[in-house]
Amino acid sequence: MIVFATILFGALSAEDPDVEKLDSQEFQRAVEERAFALGPEDHAPAGGEGQGAAGHRELRHPVGRAPSGGAGSDLEPGPLKVYDESQKVTGLLKPEGGGEPREFEYSYPEGYDIARVLNEANIPFTTDPQTAGPWARAIAVMAPFVLILLLFFLMTRTGRSASQSSRMTDFGKSRARRMTKDQPKVTFADVAGADEAVQELTEIKEFLENPQKFQKLGARIPKGALLVGPPGTGKTLLARAVAGEAGVPFFSISGSDFVEMFVGVGASRVRDLFEQAKQNSPCIIFVDEIDAVGRQRGAGLGGGHDEREQTLNQLLVEMDGFDSKSGIIMLAATNRPDILDPALLRPGRFDRQIVVDRPDLPGRIKILKVHTRGKPLGEDVDIETIARGTPGFTGADLANLVNEAALLAARHNKEQIEMAEMEEAIDRVIAGPERKTRLISEKEKEITAYHEAGHAIVGALLPEADPVHKVTIIPRGQALGVTMSLPEEDRFMMSRAQLMAQLSYMLGGRAAERVVFEEITTGASNDIERATKVARQMVTRYGMSEKLGLIALGQHDGQVFMGRDLHAQPDYSDEIAFQIDKEIRRLVDEAYDTAEDLLVRNRRLLEKLASDLIEYETVDAEHLRRLVEEYAVDEHPSRGRPAMSVNGHRG
């Protein structure tokens, strides 16, 4: 653009150095002396065609055409040229002392009657309203450049059209990413806490390496395996480990990558994906979050003909259509197996469902060892203690815990990660970071202290409740205070007594407020919500209601649009619903009365613990144990308490 503008400016401002510029006096003198080179004869015959205003000769030429001679001519003598628009006169001057005629140009002023002057002097001339001024020169100069730019634009447009056409052609191509040897390799050694899943997937690796081992026994390798489990348990990591161990092409794609706004694109991508897989057999196809495309059919807004269902239909055909000896194995992962289409889960498609659950204590120890590998740990760091203090944590939670501890150690300018950072990281993962700068009034601080003390005392005195690990009134996350507890061991079921103790523990904060202040606050809203949910499950799911008995209430009708759990239709009468509400209220009231009775009989313990919380802000398990031994009226047998906790209660 800069070069273009420079050339244009030069063309507009350029002047011909061979043209002699005449001023008014010089032009008048040339007229008087007839110094113009007019041709073989220096005078024009009188009369004839083309008479001007004064009856003298004026030669007219068509607009846009100029006679020979003048500007741009071959310097042949001829009549002068008068340009009315630009008010210029051009022509040739007689040579002085021999030589060639000289070209001249004269710009006459506004209102000057040039035709009258030339007619009176009997000088022939032609008139032309068009001017070959600077714009004409600019156009002449720029024409080649404009043509070049036009050709370049046309070539670019053609290339772009071809590219767009190519993109439209590739729109139906699979977006699967193929793992290459250059990418970081993940093996089964990097997977911990999922031994059963690793064992199941190891068979797939062995089949790809040595299929004859299975085929000679008449065994048919599973065509597909579905990894099922909560978020963060390592389903995708397991698939990557299979890719790293198998040494075969590995195609990875997300379930949402199949579906687009255009009809037929999803099915086309499925066909293309399996075509690529057949060309690279043996290989593995991994579909992450397959529930995005594999939801049960017939419940969408498209009337059974939406794009997602057509994609699923094509996927079902491809999975059951390719030869079992082709060496193509399908892996998929989901945390919502309940909403998948039954046809997708039948044998012959996904023959196996591999459950990847939350790790138990040995699994957490292994996972922590994997994530602390290569990190400088202090001598006081006990991996087993951390694992005991994190029941219910997934592999992703533990990885985040170790990373938070490393960040805290770096913030404190330490060379190693110590146990203090690990404990703080657990608290941050459970309840959020501390908010010491949050300003609360002394009255709110006192209410919070008694509220959390109520939770802690009920949890400490009820033998069926989980042991209390820490109580703090330092705001964390959205909570003004937190009481943390944890089970003594991994728990996979709960008794009715444990659930009732959990209800009393949840309502201990509200009971403490009423006992001490004879007033209640909004601080127990989350406690009440959680307690109501537990009580409802006891009545409608667990059959723990004495009046309603062993019956499950509130069955789902199978609607799967946006997930099965969205639509639940009561399968009981209004009378039963009334009894359910009464039973829920009875259970909650019973648990609340238990908590209130404990706090009334242990008022001195409540006052002392609240006072220590106001003074120290945080009370650990050992401090609480000493207070219980000293002030409790009816202490239950003490239980061994681990040094850490996870099940945070936000009061």
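Backbone N, Cα and C define each Cβ position, glycine as well.
Taken together, the residues in the topological domain 'Extracellular' (1-134) have a mean pLDDT of 64 on the 0 to 100 scale. Annotation source Swiss-Prot lists topological domain 'Extracellular' at 1-134.
The annotation transmembrane segment is assigned in Swiss-Prot to 135-155 on the grounds of sequence analysis.
Feature annotation from Swiss-Prot assigns topological domain 'Cytoplasmic' to 156-651.
As annotated by Swiss-Prot, ATP binding site applies to Gly229, Pro230, Pro231, Gly232, Thr233, Gly234, Lys235, Thr236, with the evidence given as sequence analysis. There are 13 other CB atoms within 10 A of the CB of Pro230 (ATP binding site), with all protein chains counted. Taken residue by residue with DSSP, Pro230 (ATP binding site) is part of neither helix nor strand, so it is coil.
Feature annotation from Swiss-Prot assigns Zn(2+) binding site to His451, His455, Asp527; the stated evidence is sequence analysis. In the three-state DSSP reading, His451 (Zn(2+) binding site) counts as helix. Cβ-based neighbour count (10 Å, all protein chains) for His451 (Zn(2+) binding site) stands at 29.
Look at Swiss-Prot and you will find Glu452 tagged as active site, backed by sequence analysis.
If you count neighbouring Cβ atoms within 10 Å for each of the binding-site residues Gly229, Pro231, Gly232, the highest count belongs to Gly229.
Secondary structure at Thr236 (ATP binding site), taken from DSSP and collapsed to helix, strand or coil, is helix.
Cα-Cα distance from Gly232 (ATP binding site) to His451 (Zn(2+) binding site): 33 Å (rounded to the nearest whole number). Comparing Cα positions, Gly229 (ATP binding site) lies closest to Asp527 out of the recorded positions His451, Glu452, His455, Asp527. Nearest by CA distance to Glu452 (active site), out of the binding-site residues Pro230, Lys235, Thr236, Asp527, is Asp527. Ranking the binding-site residues Thr233, Thr236 by how many Cβ atoms sit within 10 Å of each one's Cβ puts Thr233 at the top. Taking each of the recorded positions Glu452, Asp527 in turn and counting other Cβ atoms within 10 Å of its Cβ gives the largest count for Glu452. Other than the site residues Gly229, Pro230, Pro231, Gly232, Thr233, Gly234, Lys235, Thr236, same-chain residues with C-beta atoms no more than 8 angstroms from the centre of those residues' C-beta atoms, the ATP site, are Leu227, Ala333, Asn335, Val356, Thr394, Gly395, Ala396. For His451 (Zn(2+) binding site), the nearest neighbour among the listed binding-site residues (Pro230, Lys235, Thr236), judged by C-alpha distance, is Pro230.
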